[in-house]
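**Student:** TrEMBL feature annotations, pasted as is:
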DOMAIN    10-284  domain 'Phosphofructokinase'
BINDING   18, 79, 80, 109, 110, 111, 112  ATP binding site
BINDING   28, 29, 30, 31, 32, 162, 193, 194, 195, 221, 222, 223  ADP binding site
BINDING   110  Mg(2+) binding site
BINDING   133, 134, 135, 170, 177, 178, 179, 230, 254, 260, 261, 262, 263  substrate binding site
ACT_SITE  135  active site, proton acceptor
Ligand code: ADP
């Protein structure tokens, strides 16, 4: 969709859905790029909920001072059921229009993108999306904001678990986030030297896992770590541990579920730079007349993909080479 760029005087910025480290850096970049280009900026609190509740405020360059190093999102986020209804979106649009907002930058995951696509089409308002989620499960980009930081958080945890596992000859099952996507499990599993990695995209039978663990025990491993993505079809780390223990009692078995700590923390250098490039690109694309698209990165290039395309198909992000490498590295 092409719109008249001279009609954009005020850009609304918001974060929505699950938070991820680096969202603040994206907000900062979008705000400062818009101001640099002579545009006004409105911050919208709590994503789509803030449009409906009319919790919006004027932003300037100082509104985003000293946030690049912070996890979470200074604009807050929310899941908003009312925005899924035409009535909810009508109220949201009234408030957006009354605030003088002519274009939107939405930072979030695929739910956020879906809402943005529908809203932009319904009310003919330009929108650019920025992929912010630790899961790296969005189309149109190799990487999402927060994924690198989450991997670093997970390997930090695995390293610490390895110390205690090796001291006691223990078998640890570590559950990491990823309901549909095994990206964190696979990458952090390789970086943390996991003995086995269970992914939502792959079926790993418990007997197959036990064979792998038995080989490790035969080759004198003093500790073993199995990474289980939360969406693994065996039903999570507690279930897997229980079923393995029934048949394989060689090691003392422990479970550690990392949970929400994976979503927090200071963003890594890579996420800060990625978020800054994406925030900058989102505003520039709007001002070039581009809309209803998501910013992404392909190799080292920043690209855009129409939301319709990004939302319509599922890109397979799992790297089969890495799956094979992980197995070989565990011998
Ligand atoms: P994420 O953006 O992290 O995937 P959600 O799936 O919760 O998180 O989506 C964020 C918000 O986007 C939802 O709470 C809702 O307000 C909005 N949204 C999601 N799906 C739709 C939809 N089909 N129509 C309108 N809004 C939607």
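Just so it is clear, glycine is given a Cβ too, placed from its N, Cα and C backbone atoms.
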**Student:** For the binding-site residues 30, 80, 177, 261, which one has its C-beta crowded by the most other C-beta atoms within 10 angstroms?
**Tutor:** 30
**Student:** Please determine which of the binding-site residues listed here (18, 109, 111, 193) has the lowest count of neighbouring CB atoms within 10 Å.
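**Tutor:** It is 193 that, of the binding-site residues 18, 109, 111, 193, has the fewest other Cβ atoms within 10 Å.
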**Student:** Filtering 28, 111, 135 (binding-site residues) by proximity to ligand 1: which pass a Cβ cutoff of under 6 Å to any of its atoms?
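**Tutor:** Only 111 qualify.
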**Student:** Determine, for the ATP site, the additional residues of the same chain whose CB lies within 8 Å of the mean position of the CB atoms of 18, 79, 80, 109, 110, 111, 112; present them in sequence order.
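**Tutor:** Near the ATP site, the remaining chain residues are 16, 17, 47, 108, 115.
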**Student:** Nearest to residue 177 (substrate binding site) by Cα, among 18, 32, 80, 110, 195 (binding-site residues)?
**Tutor:** 18
**Student:** Run through the Cβ atoms and count how many others sit within 10 Å of the one on residue 254 (substrate binding site).
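**Tutor:** Total other Cβ atoms inside 10 Å, all chains included: 16.
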**Student:** May I ask for the distance between residue 30 (ADP binding site) and residue 112 (ATP binding site), taken between their Cα atoms and rounded to an integer number of Å?
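**Tutor:** Distance (Cα to Cα, whole Å): 17 Å.
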**Student:** Return the residues near residue 133 (substrate binding site) by Cβ distance under 8 Å, restricted to its own chain and a separation of at least 6 in sequence.
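**Tutor:** In sequence order, 17, 18, 20, 108, 109, 144, 145, 146, 147 meet the Cβ cut-off.
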**Student:** Of the binding-site residues 28, 111, 222, which one has its Cα closest to the Cα of residue 179 (substrate binding site)?
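**Tutor:** Answer for the nearest of the binding-site residues: 111.
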**Student:** For residue 179 (substrate binding site), list the number of other Cβ atoms lying within 10 Å of its Cβ atom.
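**Tutor:** Neighbour count, Cβ to Cβ under the 10 Å cut-off: 11.
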**Student:** State which of the following binding-site residues has the fewest other Cβ atoms within 10 Å around its Cβ: 110, 135, 195.
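**Tutor:** Each of the binding-site residues 110, 135, 195 was scored by Cβ atoms within 10 Å; lowest is 110.
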**Student:** When the pLDDT values for the domain 'Phosphofructokinase' (10-284) are averaged, what is the result?
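**Tutor:** Here the mean pLDDT over the domain 'Phosphofructokinase' (10-284) amounts to 96.
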